[in-house]
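Feature annotations, reproduced from TrEMBL:
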COMPBIAS  160-170  compositional bias 'Acidic residues'
COMPBIAS  171-181  compositional bias 'Low complexity'
COMPBIAS  300-325  compositional bias 'Basic and acidic residues'
DOMAIN    53-129  domain 'Methyltransferase'
DOMAIN    280-331  domain '18S rRNA (guanine(1575)-N(7))-methyltransferase Bud23 C-terminal'
REGION    149-188  region 'Disordered'
REGION    289-334  region 'Disordered'
Amino acid sequence: MSRPEHLLPADVYYGKEETQRYARSSRMHAVQRQLAERALEMLLLPENESCLVLDLGFGCGMSGSAVSEKGHFVVGLDISRHMLEEARELENLETADALLADLGKPFYFRPGTFDGAISISAIQWLCSDIKSDIADALRTPENTAAAAAAAGAAGGSSGGEEDMDEDEASDQQQLLLQQQQRQRRPALPASAYRRQTCFFEHLARALKPGARAALQFYPDSAEQLESLTSAALRSGFEGGLVVDFPNSTRAKKYFLCLWLPGGHARKLQQLPKALGTSAIINEGRERPLVSGRRAKKQISKKEWIAKKKEKQSMKGKKVRPDSKYSGRKRKDKF
């Protein structure tokens with residue numbers, strides 16, 4: 001199955017129908033929230049303090065809402081107009097601001113504005129050479145006429161009736177124009193790297209000295225990993241790649257954890273420890289071998305009773321309260 005970034009640009013792929021399907025998925029909400037919380041953890045923001053966080057690839061506000069619940073204010077960027085409209089319907093713009101912007105083009109903020117930046121499932125679109133210069137294409141007379149003809153044909157043959165919604169007509173116009181552009185000019189091999197470099201350079205300008213960025217993405221190949229990491233380091237960032245659950249096929253998640261040098265209020269910058277690594281998974285499993293067999297861990301009777309009572313209470317069962325006699329041996333009676 002082809003990846004969406006290999007088929008169409010993000011602003012064309014996430015039309016009205018695809019956006020609604022994406023926003024109505026409860027599983028997508030849970031995954032986005034989990035990834036946003038993990039990315040926020042990597043930012044190492046000061047506790048009990050509200051910070052300004054940049055959400056790159058805001059979408060319909062799933063990740064931004066998770067950050068806002070922690071007491072931070074979010075400014076989001078997204079290329080899809082339908083995604084931002086869906087965010088307004090979901091009331092995810094009450095505690096956040098969102099702007100329509102292409103991450104592969106310059107986004108101008110005052111230098112040193114944001115305390116941190118996150119991105120969930122967005123920067124892999126920068127690795128695609130497929131672009132959608134729809135605004136420029138609409139200026140040419142032949143493309144305008146072709147788009148109008150397509151919209152008229154889709155609307156039906158009746159005279160003055162408009163059976164099609166305006167958003168659906170605009171989506172079809174964009175698809176038609178995109179197909180025409182791909183037929184006319186081949187994609188340049190270096191265009192993707194230029195977009196990545198532009199993205200990281202403007203991100204570095206927008207962040208404060210010492211601020212961190214946690215960018216989660218789904219790479220397609222080792223070349224994409226190398227390209228994104230190289231573009232980030234060339235733009236003045238430090239850091240690297242963090243892979244959570246590297247031994248799992250489904251649960252594996254890639255994070256590009258970056259930070260800017262400088263800053264006086266932060267500790268020594270280092271990469272966070274990946275979740276699900278062998279050091280964590282095998283912790284507590286190594287036991288001394290006795291006669292070729294694993295020795296059982298010795299626990300006292302009192303510890304065993306306390307552990308069993310804790311399990312029973314977690315199941316909602318009634319448990320006797322602890323006392324000084326808990327775990328004591330009863331006296332032998334005649």
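Including glycine, each Cβ sits where the backbone N, Cα and C put it.
Automated prediction, rather than curation, is the source of TrEMBL annotations.
Model confidence over the domain 'Methyltransferase' (53-129) is summarised by a mean pLDDT of 91.
According to DSSP, the compositional bias 'Basic and acidic residues' (300-325) comprises 14 helix, 0 strand, 12 coil. The helix, strand and coil residue counts that DSSP assigns across the domain 'Methyltransferase' (53-129) are 21 helix, 22 strand, 34 coil.
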